[in-house]
Amino acid sequence: MFLRSSASRLLHGQIPCVLTRSVHSVAIVGAPFSRGQKKLGVEYGPAAIREAGLLKRLSRLGCHLKDFGDLSFTNVPQDDPYNNLVVYPRSVGLANQELAEVVSRAVSGGYSCVTMGGDHSLAIGTIIGHARHRPDLCVIWVDAHADINTPLTTVSGNIHGQPLSFLIKELQDKVPQLPGFSWIKPCLSPPNIVYIGLRDVEPPEHFILKNYDIQYFSMREIDRLGIQKVMEQTFDRLIGKRQRPIHLSFDIDAFDPKLAPATGTPVVGGLTYREGVYITEEIHNTGLLSALDLVEVNPHLATSEEEAKATARLAVDVIASSFGQTREGGHIVYDHLPTPSSPHESENEECVRI
């Protein structure tokens, strides 16, 4: 399609017609970290998402990008389990401390920060780093799992199933301090969190959700209410009439495994493509998205190259739809419409291709 730009000179002097974009300043942070759990391969998630075309997609949407690259986390050679169960606590603590500094820098610079994991233990660092400059933030946690076990209730010992327990102020009398975690300052309260997509919640986690009045929408609620009503209630709970930053923490296993097979803890009966993208489209429409985690893409767990690529492409769609990509196509936003050219300007006519 072509637009005649010469006509705009009649409306705006000699300034050519400009098709302005809805500009977001977006920081990209790769976090190739896997020690929040025991399966190899999730550290290759950032590379897979990059190879699936994330930066090009965001650029086409008009985003101004600052790429921090893929971080290199400090190795912790001696990292014994806590309580003979919780694995790699020092590695997780130090990696999140380093990640929090980068996210904090990005947010303080005016960027919406996209962090590509890596496992979901990284949300400790991204949320703390975000909260340093946006202390009134709220969290939308899209996941098959609640990730709110404590080190004393976990069965697996994996910290990627515990990150929120370290962040919620009201839980701190139930959470022991792990080695490497002394720097952590809890920054969330239950009214500031909403879960979407839950379908594998352990008994202690269910106890926490109920007794601390944390809002959640399981897949059963999504089936019953529909995703539109779920998002309306989410925004009513978190935002209401306030304008506050949103931190979206999105685990790719929120989707049904048929869509996202390359992940470490798949659970049947997950979000459809349409439901998942509707969530991010609606968050974008608020204009309040300030940080986004996309985690748990694990190319090594795919049974074929196509499965790995499909999961990474889905991750790109989640991120892109959070920054303006719609299922109608990514739109360039007009600041005005052109009018027919004057006869004497026709020979200088310029066309802009969209």
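Just so you know, glycine gets a Cβ as well, placed from its N, Cα and C.
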Per Swiss-Prot, which of ASP236, ASP251, ASP256, ASP293 sits in the Mn(2+) 1 site along with HIS120, ASP143, ASP147?
ASP251
From the candidates GLU232, GLU296, GLU305, give the one listed by Swiss-Prot for the same substrate site as HIS145, ALA146, ASP147, ILE148, ASN149, SER156, GLY157, ASN158, GLU202, THR265.
GLU296
Of the binding-site residues listed (ASP143, ASP253, GLU296), the greatest number of other CB atoms within 10 A surrounds the CB of GLU296
Name, in the order they occur in the sequence, the residues of the same chain whose CB lies under 8 A from the CB of GLU202 (substrate binding site) and which sit 6 or more residues away.
ALA146, ASN149, THR153, VAL155
Close in space, distant in sequence - GLY157 (substrate binding site), Cβ under 8 Å, 6 or more apart:
PRO81, LEU85, VAL86, VAL87
Specify the count of other C-beta atoms within 10 Å of the C-beta of ASP147 (Mn(2+) 1 binding site).
25
Could you list the residues of the same chain, at least six apart in sequence, whose Cβ is under 8 A from the Cβ of ASP251 (Mn(2+) 1 binding site)?
HIS120, VAL142, ASP143, ALA144, HIS145, ASP147, THR263, VAL295, GLU296
